[in-house]
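Each remark here refers to the structure printed beneath this line.
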Amino acid sequence: YIAMASRAHPVDGDVSSATDGGDLPIKSSPHRHKVGVPPKQNMFHDFMYTFKETFFHDDPLRHFKDQPKSKQFMLGLQSVFPVFDWGRSYNLKKFRGDLIAGLTIASLCIPQDIGYAKLANLDPKYGLYSSFVPPLVYACMGSSRDIAIGPVAVVSLLLGTLLRAEIDPVTNPDEYLRLAFTATFFAGVTEAALGFFRLGFLIDFLSHAAVVGFMGGAAITIALQQLKGFLGIKKFTKKTDIIHVLDSVFSAAHHGWNWQTILIGASFLTFLLTSKLIGKKNKKLFWVPAVAPLISVIISTFFVYITRADKQGVQIVKHLDKGINPSSFDQIYFAGDNLAKGIRIGVVAGMVALTEAVAIGRTFAAMKDYQIDGNKEMVALGVMNVVGSMSSCYVATGSFSRSAVNFMAGCHTAVSNIIMSIVVLLTLLFLTPLFKYTPNAILAAIIINAVIPLIDIQAAILIFKVDKLDFIACMGAFFGVIFVSVEIGLLIAVSISFAKILLQVTRPRTAVLGNIPRTSVYRNIQQYPEATMVPGVLTIRVDSAIYFSNSNYVRERIQRWLLEEEEKVKAASLPRIQFLIIEMSPVTDIDTSGIHALEDLYKSLQKRDIQLVLANPGPLVIGKLHLSHFADMLGHDNIFLTVADAVEACCPKLSDEV
């Protein structure tokens, strides 16, 4: 403490004494601004304002105001189908860029789709189906120019794991397929509903740290699952945790590994990783890692065919049906026990797919400096999966690897997705028999190469440096996925994210404030050690809204601060604490429990001959304090615009005693 009696001075002019808030008089100045009380709001208007800010904060109808009916109709059409907006300015130059990008991502998606379908325990053709219909729907309804649509590794693994827990794909392949379509349908319904009802903020409850951990764990799990095809193992565990997978791998080491398969897998994995390194070092050669998977498939397929390596134990894709997507509407469960299973699996898969797609869309939109509407994206992704479920597709979403290639290839609009779909269509119609001799080892190598970037070590290190609690969430999700299962890892990620929110809400930060020398500014004394505390005055800042969930903690924490300061004052033989100032700038709202906590604090302080003072309460807070009559109980002259005003009013009394 540094005595500040010399700084304290009465304000020129008439000085009045107010005691209606307690026994201790506080000097008030006619020149000091009072805290404004907002006019009483109509309850309906207040509700509508809150509703609008919660669900329509971006004011989506602002473009329709003062427009003729014909213009409003066109704007509405463009809102649902953005293709009618950007399509008007489409030209040959943009098409050239989209054509190159579409062909490039098609060369990447075809081998990936075949491998991802196997992750979901589905026939490879369903991976190709899912890169034909969904991208066409998204191209018409999506607002992102860069996102590339199709099956992705994490969602494929999650879907396959959840489906296999309900139905064995080997013994009941038809029921398994029907449940996959049902889950895809309800994944789309979930996504579209979240967007239509503007509930997209729900996906934000999965924190960035939890997503980093979950994606990293899923990437390792996916890579371990590929050891079956990479090593040529025929009998492999159905579990996904690292213990069972490694046990299955090493138990087959003496008799189950196939050296020809290992040679093919290792050679082409080295080729894929080398091509990726070339693309990173020289951005102009972005196409090298993009076409490398297709080149690998062509060369390895040709090699197996001419050497008949499949006769030597090299496992191959075998038959792949020709033709476009057949209708699957009649295969979706709309009744029975499997309906509930499909809804549960669909909701989980849809939320994960949505989180990945929206994150990818926002990332590339920021890089190109344009905006995407998150709720419209959700509707587009939802409709895309609903339509896909009726045309033999499983859950599709935005792929980061393909979207990155799409961006680097110079795409301008979603036409690149249409080009990719056309190439996939031609493949389904004419080229699928050529994949008969494609070795499973090359598909395993392609998937391992694709999931490596999902292990973001740098992001994990940054999370550890910045926020240890976030790091716990990250590691909890990571270890949950690799040591238990994908769904348990996801549950841990969500649980820790919610736990962090609850912890921050129920245990808000508080701080003791001091005066920055030669200013009227009061700041946290831990952040600014040079800040000095005013003798006889304790100033505390509450850094959160005060609700039922934290009101008792806030009151008890303030009383503990007061007790600690009184002990320090007594030990240093300084003037006792006579004024407790609460800086309420960060307190954005308060409920009845919070007001009761302040009343209890006020009564407790009165018994100890300490005056409670409030500084700078916001409009919502001061309005509620007046309505509850707590402001009358405290005394209007004990509520100040700033901490400096409050201290100035308290100091004259203290200076006389010092």
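Numbers run from 1 along the shown chain.
Each Cβ is built from the backbone N, Cα and C atoms, and glycine gets one as well.
Caution: TrEMBL annotation is automatic and unverified by curators.
TrEMBL annotations:
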REGION    1-32  region 'Disordered'
TRANSMEM  147-165  transmembrane segment
TRANSMEM  177-197  transmembrane segment
TRANSMEM  209-227  transmembrane segment
TRANSMEM  256-273  transmembrane segment
TRANSMEM  285-306  transmembrane segment
TRANSMEM  343-366  transmembrane segment
TRANSMEM  378-397  transmembrane segment
TRANSMEM  417-435  transmembrane segment
TRANSMEM  442-464  transmembrane segment
TRANSMEM  476-499  transmembrane segment
DOMAIN    527-650  domain 'STAS'
For the transmembrane segment (209-227), distant same-chain residues with Cβ under 8 A (at least six beyond the ends): 119, 153-154, 157-158, 233, 240-242, 245-246, 249, 355, 359, 444-445, 447-448, 451-452, 454-456, 459-460, 463, 467, 470-471, 473-482, 486, 489-490, 493-494, 496-497
Recorded stretch, among 285-306, 343-366, 378-397, 417-435, 442-464, maximising Cβ pairs under 8 Å relative to the transmembrane segment (147-165): 343-366
Selection from 177-197, 417-435, 476-499, the stretch that has most Cβ pairs under 8 A to the transmembrane segment (343-366): 177-197
Contact check, the transmembrane segment (378-397) vs the transmembrane segment (476-499), 3+ Cβ pairs under 8 Å, seq sep 6+: no
Dominant neighbour of the transmembrane segment (442-464) in 177-197, 256-273, 285-306, 417-435, 476-499, by Cβ pairs under 8 Å: 256-273
Counts of helix, strand and coil residues, the domain 'STAS' (527-650), according to DSSP: 62 helix, 21 strand, 41 coil
Chain residues outside the transmembrane segment (256-273) and at least six past its termini with a C-beta under 8 angstroms from it: 229-235, 289, 292-293, 296, 299-300, 303-304, 309, 312-315, 439-442, 444-446, 448-449, 452
Close approaches to the transmembrane segment (285-306) from elsewhere in its chain (Cβ under 8 angstroms; 6 or more beyond its ends): 104-105, 107-108, 110-112, 264, 268, 271-272, 275-276, 278-279, 314, 316, 405, 408-409, 434-435, 437-439, 441-442, 445-446, 449
